[in-house]
Amino acid sequence: MEDIFNFFDKPKDPLHFSSIKISISSPDKIRERSFGEVKKPETINYRTFKPERDGLFCAKIFGPTKDYECNCGKYKRMKHRGIVCEKCGVEVIPSKVRRERLGHIDLATPVAHIWFLKSLPSRIGNLMDITLKDLEKVLYFEAYVVTDPKDTGLAFGTVFSEDQYQKALEEYSYGFEAGMGAAAIRTCLTSMDLDQLSEQLRIEMQEATSEAKRKKTAKRLKVIEAFKNSGNKPEWMILECIPVLPPELRPLVPLDGGRFATSDLNDLYRRVINRNNRLKRLMELQAPEVIIRNEKRMLQEAVDALFDNGRRGRAIAGPNKRPLKSLSDMLKGKSGRFRQNLLGKRVDYSGRSVIVVGPELRLHQCGLPKKMALELFKPFIYNKLEERGFVTTIKSAKKMVEKEKPEVWDVLEEVIKEHPVLLNRAPTLHRLGIQAFEPVLIEGKAIQLHPLVCTAFNADFDGDQMAVHLPLSVESQVEARVLMMSTNNILSPAHGKPIIVPSQDMVLGIYYMTRDKHFALGEGKIFASPDEVNIAWDAGEIHLQARIKVRMKNLVSDEKPTLIETTTGRVLLRDILPDAVPYATINKVMTKKELSNLVDVCYRLAGNKETVILADKLKAIGFRYAAKAGISISINDMVIPEGKPAIINRATEEVQEIQNQYTEGLITDGERYNKVIDIWAKSTEDIAKEMLDNLSRDTILDPEGKEVKVPSFNAIHMMADSGARGSAQQIRQLAGMRGLMAKPSGEIIETPITANFREGLTVLQYFISTHGARKGLADTALKTANSGYLTRRLVDVAQDAIITEADCGTIDGLTVSSLTEGGEVIEHIGDRILGRVALDDILDPVTGDVLVPANEEIDETLVAKIEAAGLEKVKIRSVLTCESRRGICAKCYGRDLARGHLVNRGEAVGVIAAQSIGEPGTQLTMRTFHIGGTASRRAEQTALEARNEGFAKFININYVTNSEGHHIVMNRNGELAIVDETGREREKYGVVYGAKIKVSPQEKVAQGQSVAEWDPYTMPILTEVAGRVKFGDVIEGVTMEEQVDEVTGLSRKVIIETRDTDKRPRITIKDESGKTAKIGENLLARYYLPVGSNINVLEEIEVNAGDVIAKIPRETTKTKDITGGLPRVAELFEARKPKDFAVITEIDGVVAFGKDAKGKRKVLVTPELGEPKEYLIPKGKHISVHEGDHVRAGEALMDGSSNPHDILRVLGQKELAKYLVDEVQEVYRLQGVKINDKHIETIVRQMLRRVRVKDVGDTNLLIDDQIERWVFEEENEKAMDKGGRPATAESLLLGITKASLSTESFISAASFQETTKVLTQASIEGKVDSLRGLKENVIMGRLIPAGTGLALYRNLRMVAEEPVIIPEPAEPEDEEIYEEEA
């Protein structure tokens, strides 16, 4: 019916536009767009409820309130279309124009637009070169500004206070013009000549001497250039008339009881109109200046409040003391227009309900309650009912559905077939939070979810709810089925390993059936084929876990079957394996890890379809055997180790011993604390180890009656061992000891909880543990928010990283090697290069054969080849070095992790990267409290043991031999390697300064032999020569104080900070003749002492080479938890400078110390050729290099964390990327979370995409401009084509927030943060948004230029309107595992 009214309207096509521009509106523009002036503050008549004429809701200006009906009722209905009623002046048209017609208010005096005034930096202030403070004084009528100096010699734009103005008047009489308020500012802005000003400023900039002046001029120049280029006029920043929003967008809604609910805007407009009308009247009456001035100020304030309430002064509040919501507030923040309505909308055809488990569903199905389906599929049902001839009209179909007649259910079944629905669980942290399923109708009101997809949704069935959405168009159904179906999302986009893996009870069931039991029924029997095993099992002749031998093929490639040792359960499990998967994959105890591997292997060898079938069968068999096993736990399963009292007593004695050392003054309090913590941490680990050994071994009698140790079937152990539930840490607390706890401040309490939960805690122990438990819960709440915010920033910065071309043809890449930490490999090279593309041919180091040709994807088989060849380094293509101008090319990205093949064009890899990094953030934050707040802290490493036997090799180690014959390391970057006979390095360790090496070069080392040791809690200062100790500048009370320990009564000398910059506390070593001893040729044995170091020697005593003369204590350690982790990740991605960052050297060279300057130490680095570079290091910071050390560029000269900006400047992009990737990965690795490197690289690429112009050459760029790298390259190409000089620039590292805000698209930036600031800047520049990214297009309501929305795929249209039938996965032949056993 409603269509009939719009019958005469021309059909409105959606507007086709390719870009959108924002600029400042001129007063003429505002009036031109307006449909009339609003003159009165009235809204509607209180009796008739009709809009008042000329008021805020006036029908004459904004259109009729009812369709095709004028206000007075003279003209009604369609036949009078377009007539203007002569009585009330209302046009007879549809009422929806009230949503689009603007009005305006003519102001009696000009008013400044608050955005251009107060949004920092103030644009009006910048243009006129007046400070914001002065500008406000002028605008709010507290000061005068000179608008025309004429010939008085006053400067244009000088600001006078009232007194100064009177004086100036006396001095110059009326030889100049000055004014106050926005009118005066407008006069100034109008009279500005931008071209002349711009030239003058450019000259000033070249002549400027100080950096500050240059920067200030550059800022002004930027604003002026923006105005010049955009065609905006400066005076438009001052308003003469104000547009009035269409009334439907600021509605007045009658509530019951005769009251009205209104939008705050109406109040704000009313204020403006009232003050404006009063001002007009006062001006007509020629009121005194003071009164008019006050009224003008009030008008300015009213307009300010309308545009941005609370930006200046106190926010205007409504009757309920709540600040009124202004136009800016409508756009800003989470509930503003951008984020609430444009980026995410609520949709129809959706519902939500509680979820329950659906173990009998297939992987691609979900159970949908009939009630829900009936509501969701209504239009489809009506259509089918009509088609079937059950009804003739929609109305009767409606009735039929309401009555729920039997035919309706039949039709519903038919409609649902082949029509996927989307299920979504909030929070949707990654793309697997929305997946498509085929609905199966079920009774009841809860949605049934397949148990295997719970991991992806992070769902459990303790009351979680999920939403259902229905894709309507054929295109969307195809996309849902092909791209979003749960069966097509087996691999996780974050790390490329399967995410559809059995968990919890399924794991337990499969683990139980693949375990082997000693001396079970049928042990040692030999079977000719797996079928025989099945027969024997059905007959009850063999036990499920009996160890038997079967003739069969172990690998698919085997020539003929062989006898294989296995168990009954594993042979039964073999029945569900696809043929392509070798038996060896499951001929072991299947833990969760092994199951994950099985799904992975199946996906690679047998393909997607087989994997889906296998996953479903694993689910069924897992549930079945978990039920059959009937595993339960009792308190007796928590076996407390017998050795526990002994270990605790030993630890208590050690602690007492350390306490005694402390009372004797041998160690400091900090050392004592650290050692005590270490003893307890180690004891806890010992008890845990003994307990786990006990749990995992049972002693039973064999048939001969001898005792044998066999793997145990203890239920708790099985659950943890299989990976079904629980961890060693939790079992440790149940049956070992709870261990150390953390204080609220994060420090560790040095008395641990020696009891466990089985023994029960004492009151004190319980009290200590409450804190940790609560902290866990509080952390969770806080960090979920932080993690969500991190994800939001990441998505925003990476949203335009899309695969746009197949190959960019770059010749650059990254070199990747295995990651080692403390000598052990934590990530193999194979894992790091899998799915990447080789940059050059990868050659076998021995034979020289090509293992992988250049530009080829490195898949599983090639990785095996590379690892077999023993390659240490491989060059691969990387997102960081990709040369695509917009987006990224497929070759540089490599494999699409979720699909297992090279990435497709149009894939939004940036968003996937952001989700992959952000999602575990939330997971991790939610994982703190499960351990119950027990302090997890590794015992510090204090010694190195050789893992392999071989010969010791010193690499770059300077050492002296001390009196005991040990080698003491005297430099920082030395390494100790163990090499075999052929000279190949088997392992390599960095050794710290001051470490004791217990072997000599080339000495034979046995496996497990201790080769080096050091004190992890202090940094020693050692002497390199023997001699007598002499102190310099060690003056008590000035540079040193004796700290007396309250407990021990002993004193120690500690260096303190001093005001006196000339005093440099040091220890000198004198030789026999009393001169300062020399180290080598020309270095003096003089050791400077940093603040906080403890002096270990007395003056005048004799020392030997390698003796410790002073110690610098390290900070006491805090617990490592992702709490430190999440802020750490944010800090890395925000590219913040660390608090005490280390100064690094920019060149290779030799270190020397210069004279101190201004309380800072001067370090000189002298290269072989060229000038030495000097670095100033704050006093009291420990300098980690020694005189005469050789340093490489990028090495730190002092203790502290690295500053990423320095790394970029000194070592370049690749090193920076490597640093960021490694640091971020370390945080996640500590939590056991896997993320592929390429995701972090993608984000880093987005952080590095801008450059800062250093020298403009012959281009149109401005100095210090920050621009996108490809814009810079294009400008240079243009200049060089004309034979000009190219510009130079330096790489910039922007934090993710900065990078998001500096994107090309103003719509995207405005919807992210600081909306008003972004829009202000964009409108001054007259910015054009060419809608290239994802966000801008979502906001404009277009298809996004990624995935199927890419122009490449856009012209593919669905031709067939018939139902698209995609064949079902074939029913598996062997269905017996679904049937219940008789």
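One-based numbering along the chain as shown.
Cβ coordinates are placed from backbone N, Cα and C, and glycine is handled just like the others.
Listed in Swiss-Prot for this protein:
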{"type": "BINDING", "residues": "Cys70, Cys72, Cys85, Cys88", "note": "Zn(2+) 1 binding site"}
{"type": "BINDING", "residues": "Asp460, Asp462, Asp464", "note": "Mg(2+) binding site"}
{"type": "BINDING", "residues": "Cys808, Cys882, Cys889, Cys892", "note": "Zn(2+) 2 binding site"}
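Overlay of Swiss-Prot annotations on the structure.
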residue : record                : Cβ contacts under 8 Å, 6 or more apart
Cys72   : Zn(2+) 1 binding site : Cys85, Lys87, Cys88, Val90
Asp460  : Mg(2+) binding site   : Cys454
Asp462  : Mg(2+) binding site   : none
Asp464  : Mg(2+) binding site   : Val354, Ile355, Arg425
Cys808  : Zn(2+) 2 binding site : Cys882, Glu883, Ser884, Cys889, Lys891, Cys892
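Around the Cβ of Cys70 (Zn(2+) 1 binding site), the same chain contributes Ala59, Pro64, Lys76, Cys85, Lys87, Cys88, Val90, Glu91, Val92, each under 8 angstroms and 6 or more positions distant in sequence. Around the Cβ of Cys88 (Zn(2+) 1 binding site), the number of neighbouring Cβ atoms within 10 Å comes to 18.
Summarising the environment of Cys889 (Zn(2+) 2 binding site), the number of other Cβ atoms within 10 Å of its Cβ, over all protein chains shown, is 22. Take the mean position of the Cβ atoms of Asp460, Asp462, Asp464, the recorded Mg(2+) site; other residues of that chain with a Cβ within 8 Å of it are Ile355, Ala459, Phe461, Gly463. When the neighbouring Cβ atoms lying within 10 Å are counted for each of the binding-site residues (Cys85, Cys882, Cys892), the highest count belongs to Cys892. Neighbouring residues of the recorded Zn(2+) 1 site, listed in sequence order and excluding Cys70, Cys72, Cys85, Cys88, comprise Ala59, Asn71, Gly73, Lys74, Tyr75, Glu86, Lys87, Gly89, Val90 (Cβ within 8 Å of the Cβ centroid). In this structure, Cys892 (Zn(2+) 2 binding site) is part of a helix by DSSP.
Other than the site residues Cys808, Cys882, Cys889, Cys892, same-chain residues with C-beta atoms no more than 8 angstroms from the centre of those residues' C-beta atoms, the Zn(2+) 2 site, are Glu805, Asp807, Thr810, Arg877, Val879, Thr881, Glu883, Ser884, Ile888, Ala890, Lys891, Tyr893.
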